[in-house]
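In what follows, a single structure is set out as structure tokens and then discussed.
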Amino acid sequence: MTTILDNFQRAEKIGEGTYGIVYKARSNSTGQDVALKKIRLEGETEGVPSTAIREISLLKNLKHPNVVQLFDVVISGNNLYMIFEYLNMDLKKLMDKKKDVFTPQLIKSYMHQILDAVGFCHTNRILHRDLKPQNLLVDTAGKIKLADFGLARAFNVPMRAYTHEVVTLWYRAPEILLGTKFYSTGVDIWSLGCIFSEMIMRRSLFPGDSEIDQLYRIFRTLSTPDETNWPGVTQLPDFKTKFPRWEGTNMPQPITEHEAHELIMSMLCYDPNLRISAKDALQHAYFRNVQHVDHVALPVDPNAGSASRLTRLV
């Protein structure tokens, strides 16, 4: 019996998501490239991982030009396949391989698109919770899209208690690092502030190697928070009165001299209740003259077009 998977040939492994392996594949009928996320089903008792169910249910109803599109979901044998649109690479690889491509115009275009997508998610009561360069996909036409919704979740008002083991360390908001279980859209905005800074500086803003090191890197730059600049911070579970008292330093020079300095600081505001929203960020003066870049010279994919590398998918 043939299945939809018989229509695809696998070209190469291109990464690993929150769960499962991601392959580039090609449609036999159209020649279109797609991204296939393969998730192994461990057994009848465990079934489909909750992360996969969450991503499928959220993306099925989340249609936006800057959110990666989920085309189909197929179960074959002991594997579940999610068929996504294919984009050339993620933002992390682009920053690593071709730093000179990040002109002020491209950074502005990318941030405008990302904020538009994140604002759309928030309007639809969805937190991404794992925004980082690896989960932002780019193509040669200047598009950037949110991907990997494996840690995303719908949220309600009033707030519910959520796990704080979310968001990759370098992009994790201080309220999560300090143990709060009540958080909202501000955690995504903090992550975007870090990503924004990284595109400008060509390096991570807060590259911590542990939770305490991450906190201290933030404190050294932005000052140790207290009740004056973040009401309620001393009541958070992991706040310590013995934290070193740093007065803060200026942000790195590429940020302080950048036209987006004010916007970045409003995204990195300590108090999550005062942190700028995605909707308001899009109205900031920084974006007044935004023009979307329609061509980006991405690094050449050495495997692109290599028919000899294609193999049967199943």
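Note that Cβ sites are derived from N, Cα and C of the backbone, with glycine treated the same way.
Within 10 Å of the C-beta of G20 (ATP binding site) there are 20 other C-beta atoms, taking all protein chains into account. What Swiss-Prot records for I14, G15, E16, G17, T18, Y19, G20, I21, V22, K37 is ATP binding site.
According to Swiss-Prot, the feature phosphothreonine maps to T18 (among others), an assignment based on similarity to another entry.
For Y19 (phosphotyrosine), the same-chain residues 6+ apart in sequence whose C-beta sits under 8 angstroms from its C-beta are I39, P49, T51, A52, G150. Positions annotated as phosphotyrosine by Swiss-Prot, on the basis of similarity to another entry: Y19 (among others).
The active site, proton acceptor annotation in Swiss-Prot covers D130. Packing around D130 (active site, proton acceptor) is summarised by its Cβ count: 24 other Cβ atoms lie within 10 angstroms of its Cβ, all protein chains included.
Sequence annotations record features per position, and here Swiss-Prot assigns phosphotyrosine to Y162 (among others) based on experimental evidence.
The phosphothreonine annotation in Swiss-Prot covers T163 (among others), and the record cites experimental evidence as its basis.
When the Cα atoms are compared, V22 (ATP binding site) and D130 (active site, proton acceptor) turn out to be 17 Å apart.
Under the DSSP three-state reduction, D130 (active site, proton acceptor) is assigned to coil, being neither helix nor strand.
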